[in-house]
Structures are given as structure tokens and as C-alpha cells.
Amino acid sequence: MEGKFAISESTNLLQRIKDFTQSVVVDLAEGRSPKISINQFRNYCMNPEADCLCSSDKPKGQEIFTLKKEPQTYRIDMLLRVLLIVQQLLQENRHASKRDIYYMHPSAFKAQSIVDRAIGDICILFQCSRYNLNVVSVGNGLVMGWLKFREAGRKFDCLNSLNTAYPVPVLVEEVEDIVSLAEYILVVEKETVFQRLANDMFCKTNRCIVITGRGYPDVSTRRFLRLLMEKLHLPVHCLVDCDPYGFEILATYRFGSMQMAYDIESLRAPDMKWLGAFPSDSEVYSVPKQCLLPLTEEDKKRTEAMLLRCYLKREMPQWRLELETMLKRGVKFEIEALSVHSLSFLSEVYIPSKIRREVSSP
């Protein structure tokens, strides 16, 4: 929904919030039950054979809430409570995290997930992104390499120290003056791999930007990556563990998450390439058997479920084939297992050779 709603239009959003809450009050005052319609979005279905429209950003259904049923009454109550907090944030030009909002009324919200759902409902209702509400994520991501930029007046000069980790900015919409001499962006799943590359001075010998979400990526990391893609037009490669969890992280970067399917266009990296680790890498790079772990029953169930996602067959059949191979072999391994013969193997051999292969492929 980026572009539909800039932060500079917060006054317009405030007026729409005021109009909405006023209409709810009028309904209640006149003895009518408020009727709130929330569109439903999804970025995939679990039928690979379906001729579906999951790849579009159009609603896939609609929920209608009234005060006639207790669960719906509670959901409306939570939506309005969070909406009043959002209204205050916008009026005072302040920002808050989802956790901050939860602790404003912990006894009423009961769980963080209640706040998360209410924020999602508000974004859908007002056709905006979370950042338009001045609701920010507590960033976990790190970045290093051939890049410098400003965020809300703060200077981030990664170019001055190529292998030093900088925090991914929280206020991504306020990032400006982006300058880069990089040839590509490398996203790595884990901080341990990020630090390994930093220790090996990877960015000194490879003109790139390295980003990690330190596991499952938060909104700030995904939004920042999307911004860099839009501004720099660089190829993006992703390195994750060869296991179901690593693939889920890869899929979240590339296709977005189901939880935020309503805002998929501002968060996904549609041209991201899977650099590794692939099931076949264990043989190609002679990973010792003691580094190969058996897939658990939970791993197998998760992999089988991921194989049903429509976007794999439609857009990335080769990724689906790799998943099937992992399931057939029944083993998984971490990226670090590739470095069993040499600590610098990832930075000196594996990643550069994979990048060269991607560059030379048609």
C-alpha cells in the first residue's frame, strides 16, 4: 500500500479516524449496532493445483463485525481502544511499538496477539501501512557494507567501516540520502553467519551490502530491504539454513507473511534469489555426516505443508523441488556446517562461487 498513503497525510488519516469513531458513537446513541467490515487478505493458499488469485493484492473475502455476538463485541472494543491510542500518537507526532501499546492497557488486551490483530484490522480498515499509524517495530536487524544513509537526521556511514554492524533503522520511512557502491545485497538468516562474514572482512573484498534479521525478520528489516531494492536496483541473494525454518524465513522475505498479507507490496522482496544452503550442498561440499541432522516429525509436517503453497508451483518450481529433495533425504543442516573444513570457507569460497554462478547464469 506504499504510495497510497504518505506520512505527510497524517492529517487526512486523523480526520478519517475521527469520522469513523463519530459514526460508531452515533450508531450507539441511536440504538443501532455498529457494523464494521474488514477485508481479508492472503498471499497464498494450500492448493498448488488451484487457479487462484493469491498473487494479487485484492481482498479475498470480508468479515463483518457487529455487537450481536460477544467475540465480535470484544474485537470491536479492542479495535477502538487501539485506534484511540493511534489517534493520540498521530496528534502528538510520536511513535510507539506494539509492545508499548499493549502495556497501556494490559488487563484489557490480555495478550500481545490481541493488539497485533487490532493493528492489522486498523491498517485494513483505513487502507494504510503500520508506519502510517506511527506504530513501529523494535528493530532486530543489522546491516554492514557499501552503504550510507540518513534516518530522522541520524547519519549511518557503513562505508566508513565496511565490516562494522549497524542497526537497521526503525523509522524506515524517514530514511533518505541513500548512497551505495555495492554490486549486490546479501541477506543472511543468522547473526552468527553475519558476524563470521564481518570477522572475515567479507565486505572489504566483496562490494556488497549484508543484512541479517537475526532469525525471522521483523517489519523494519523487511521494509528496509524493500527500500534498498527500490532505490538501488541491486540483485538480492539470501543465505539460510537447509531446514524448514530457514526456508520459511526465505519465503517470508520473498513472498511476505500471511499475518501481514494486507501490506505485502511494501514488505516483500519479489526478485530475491535463494543462494543456499541447498540439500545437494551437503554432497557437493562434503559436509560430514555428523553435521547432518535427521528431520523431526514436526520438520516433515512443516515441509509437507509448505509444499502445498500455491506460489511455489506457480512462481518458484525449482524451490519446490529443493524442498522435496530435503524431505526425501530426511536430513537438514546449518549454514555453519559448510565451514567444517575452514572457518573462512563461507566468505572465501562458498558465497563468492555462488554469486559468480548467479551472475553468469542467463
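Cβ from N, Cα, C; glycine included.
For TYR103, the entry in Swiss-Prot reads active site, O-(5'-phospho-DNA)-tyrosine intermediate. In the three-state DSSP scheme, TYR103 (active site, O-(5'-phospho-DNA)-tyrosine intermediate) is classed as coil.
Among the features that Swiss-Prot reports, Mg(2+) binding site is placed at GLU189, ASP241, with the record citing similarity to another entry. Mapped onto three states, the DSSP output places ASP241 (Mg(2+) binding site) in coil.
For 8-142, the entry in Swiss-Prot reads domain 'Topo IIA-type catalytic', with the evidence type sequence analysis.
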Quiz item: Are there residues of the same chain, six or more positions away from ASP241 (Mg(2+) binding site), whose CB falls under 8 angstroms from its CB, and which are they?
Solution: GLU189, LYS190, ALA277, LYS332, PHE333, GLU334, ILE335
Self-check item: Cβ contacts of TYR103 (active site, O-(5'-phospho-DNA)-tyrosine intermediate) (under 8 Å, same chain, 6 or more positions away)
Solution: none
Quiz item: For the domain 'Topo IIA-type catalytic' (8-142), what does DSSP give as the number of helix, strand and coil residues?
Solution: 73 helix, 15 strand, 47 coil
Self-check item: Cβ neighbours of GLU189 (Mg(2+) binding site) where a neighbour is any other Cβ within 10 Å
Solution: 26
